[in-house]
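Residues or ranges marked as compositional bias 'Basic and acidic residues' by TrEMBL: 243-255, 263-278. Taken from TrEMBL, the feature domain 'UBA' covers 113-154, 192-227. The annotation domain 'SAM-dependent MTase DRM-type' is assigned in TrEMBL to 297-628. According to TrEMBL, the region 'Disordered' annotation covers 243-279.
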Amino acid sequence: MAQDSAGDDDYVDWNTDDDLEIDNFQSSPSPVHSRAETLVGVAVTTGSLSSPTTETTDLVQMGFSDEIFATLFDMGFPVEMIARAIKEAGPNAETSVIIDTISKYSSDCEAGSSKSKTIDHFLAMGFDEEKVTKAIHEHGEENMEQIANALLSCAETEKLAEVKEEDDIDWSDDEINYDDLLISDDEKDPNSSNENGNQIRSLVRMGFSEVEASLAVERCGGNVDIAELTDFLCAAQMAREFSEVHTDPEEQKPRHDVKKRRLESNRESRSSVDEEPVRLPNPMIGFGLPNEPGLITHRKLPELARGPPFFYYENVALAPKGVWETISRHLYEILPEFVDSKYFCAAARKRGYIHNLPIDNRFQIQPPPKYTVNEAFPLTKKWWPEWDKRTKLNCILTVTGSAQLTNRIRTALEPYIGEPEPPKHVQRYVIDQCRRWNLVWVGKNKAAPLEPDEMENLLGFPKNHTRGGGMSRTERYKSLGNSFQVDTVAYHLSVLKPIFPDGIKVLSLFTGIGGGEVALHRLQIRMKLVVSVEISKVNRNILKDFWEQTNQTGILIEYADVQDLTNDTIEKLMEKYGGFDLVIGGSPCNNLAGGNRVSRVGLGGDQSSLFFEYCRILEVVRARMRRS
């Protein structure tokens, strides 16, 4: 998928270690010239520290030893300083004399070293050198907190100005409340609220655009905490990160005009019907949580929604206005059940589910998942700083933070080793990046992105579910970022176990890496038949491997495209196997996610319009079963 912006290149690690090694090899200098000759050439063409280039003497003509020059360079002295010292001490001077001369230069420069360290400190955090120098001049090099606030305010102002040029929006200038960034979800008062301007400014400082921040506040409401808003934007990101640069050729096939006609019909009907908008609940717990009070165990389904087969549809909760109204209308007027998977595991995942399943007698799969990051990854507890109050991660994305980002965090923290904690401005910077990129602590001052097997853990998949079989790390991240959260889905599907004691026949649309199938397996519901439709070949291989490795005794049939599953094909499959008990799937969210600033066009998008294929196939199955 496309990257967030050009500026995000420092953060998104597209290359493998092998790729980087090859790049470095290709860009290395030719070994034809000796290292000493190269260094001498640099010294000859480089002016001294205090004189212009034209005053530099040709060191070769002076007759000094190029080996001495190389030795001094290996000791860590700058090229310019070595050249100046050789010029002053003479070409025949002892090496120790030249070193003493260089040391004198270093002493002369010590007066300015404090400011240089301050500049280096903020450059390592990613700030612009010119702005850092200006902030130091205005506030004094000893006032690190004031310098940091000035730089953050400058970055925010630039973002606001950029958005204002595009949208001519006048936003509040209220001061940001940084406490929001440092308090965990569990510690926040659920009844507390901040002004919209504060929330928008907070998100902008975390690196999101104001358009994105405004959308998050609009969709989630003004009474949610900053972590909820951050998760909205992070969850939305995963739909676009690979769509432009890593799209499977099969996924670019033109689709039937039936979806466009269906969408046009939908728009016409919407213009003539005054419908109540679907609102996102807070907290997002659906009909209730396992082992918690307040469970809802009964609901009245519309008459059209009743009867076989059961169906289960999933997509991102934070979609554009009108999307869930349209989805609900095409799925028999059933209202969506919105659930955030942070109540089922240690990571957030806000999703909407429309289904006609019973909602009483649900149960949780065993063993139950870990609910905090430290429980899920015990080794992180040793290194987790007290000032990082996160207990859960944001939505699992399809991309991860790069080595450059984690090095910046380490560089920002290392000057404060031995102190109780780093300054507040450093804490803010580090936590902002950790929240945005789901970083965990793996060593002293070492934050790192999640590994694919750690993502599998959080999402409820078996270890190594996506590993091997020709699947690259990039493909693993993409597939996991777009998958079901198994524990959440299994809780909903658990009601099927007593209904189908002898096994179940499943039509799985947009299967991905088999989240629905893994959920049924973990519930110990035998799958007598699975007809799977998945565009990605590597994902199809993952499901096939899972099927074999778990010794499934049923039949697995795989199709590559929903358009291959024509009405006639469905009829023949049902005639051969006797129908389906469950139709499950979640169509692509590429054009629905909030982070997609390129093609967030709702259900009219090329990918997200595949929702109407789900509807078509479901209607064919239901019609056939009514006739049976």
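Backbone N, Cα and C define each Cβ position, glycine as well.
Note that the structure is predicted; figures quoted are calculated from it, not measured.
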Within the predicted model, mean pLDDT of the domain 'UBA' (192-227): 66
Surrounding residues of the domain 'UBA' (113-154) on its own chain - C-beta under 8 Å, 6+ positions past either end: 10, 205, 408, 411-412, 415, 423-426, 428-429
Helix, strand and coil totals (DSSP H, G, I; E, B; other) for the domain 'UBA' (113-154): 34 helix, 0 strand, 8 coil
